[in-house]
């Protein structure tokens, strides 16, 4: 890695800090700090929805999976696309019409205080653990590529992410998400397109892939793969549509813009992942020996598959841009998680009638700082552990820890006749299911009635994941549905009123006086920042050593610049009718 690449990463970190500082004053009260006051436009909300569903792990752990197994990893990301299309059709508008500021307020209205508090106190450690996984994956790969120690790398990246979250809350988070979305798309679309050209086209990549492209290595039982894909799709639909993750739709101006935000995220997840995984696929057909090239990564060398292609095939400076994109891919979901946790703490744990807005803003910032520091410390602890496979770790967290929360949180807005205790008791049942599957299901050999075959490590792992998700859908979800048979209206008149208002609001469109006006300064300021970022990319054109390198850098800079001009035009378009 060259000093130019290091300079690119350093300049990008400074740029993101500056961008966050530019948007810090948009959060004038706790409502704006938590969810932007429900006044963000659909393209900003859609960018955040997209960016919060992946991290640097996409370009490390998932890229390593693509390098070894080909096509199947796409199912995880296309599951996100399916989930957002479902949200566009059914969930996004309903969540926005609930007229709440945090996801936990949705659960409080639907199930009452006990379930709200259970979800709140489970959400904090789980989201912190997930953020630590994201941060550790990023620091691990940057440390390995640059030679810096992993602890200083963790501290620096953790500090930047925490600053972005704390400076202006939802506004700085969403604004930087848009910038990072544009940068990631510019880099990955150009890199993916060039990789497709180098690989000889799609058919050549499929034909020349070292193992069966559609099944991958060590997968001899097609039914296991099909079950794994089906469960991945189901899990991602649950992940993108449950009440815990509905915050991405609460920030929009109205229900129509919530639907447009979901649709934008869905479209991006159809296109983006294909372009992300073409480089590791091409590295595989070229016979890349990643273990020899990255001995410092040890058993995790496959995680550098994407970076290998960039380092070997792309012009000077692109490796730095790619690492900057990885930083962007981790800043986005982690800063959003920190902001969401701060909002939940303010509204669902701390706030009292006597608390004034300046005090709540101060508390929100302190909670963000504490949560960011805690996630960084957990990531530090993870870095000291040996033998952690990041793809398997992310899959385990999502299937065993998050699904017990996701299922009742999604069914909450679908099933009307469920008692208040259905929420917290379903989480308990889901926890028992996860424990039983983790301790009691070890599929190394299939039963005799299924052929009695000995499974490979991959087949056993995929089957365990798929059966865990299936068990949650059938048992955890089935338990929630069964609670309808014990349903009776709450004895509390106020709870009856809350539940009626909950389902009534989902069917009642927002009134004009409930919809925030279009704030053109959002698009105008973001457009200016993107133009500045495009200008910062121009020196790379002069450093290109060949015409093709000049063309690739020009394409990246042009994409960022065009996006900036488009946002400036959008701001002017909204301003003209008022003149």
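Yeah, the Cβs are placed from backbone N, Cα and C, and that goes for glycine too.
Given the ranges 388-414, 496-522, the record in TrEMBL names 388-414 as transmembrane segment. Looking at 363-382, 443-462, the stretch flagged in TrEMBL as transmembrane segment turns out to be 363-382.
Among the ranges 93-117, 118-142, the stretch that TrEMBL annotates as transmembrane segment is 118-142. Counting only same-chain residues 6+ beyond the ends of the transmembrane segment (421-441), those with a CB under 8 A from a CB of the stretch are 107, 110-112, 114-115, 118-119, 122, 399-401, 403-405, 407-408, 412, 464, 467-468, 471-472, 475-476, 479-480, 483. If you look at the transmembrane segment (319-342) against the transmembrane segment (465-487), you find fewer than three C-beta pairs under 8 angstroms, all six or more positions apart, and that falls short of contact.
For the transmembrane segment (178-200), same-chain residues at least 6 beyond its ends with a Cβ under 8 Å from one of its own Cβ atoms are 12, 16, 19, 43-44, 47-48, 50-51, 208, 268, 272, 274-276, 278-279, 281-282, 285, 309-310, 313-314, 318, 321-322, 324-325, 328-329, 331-332, 526, 529-530, 533, 552, 555-557, 559-560, 563-564.
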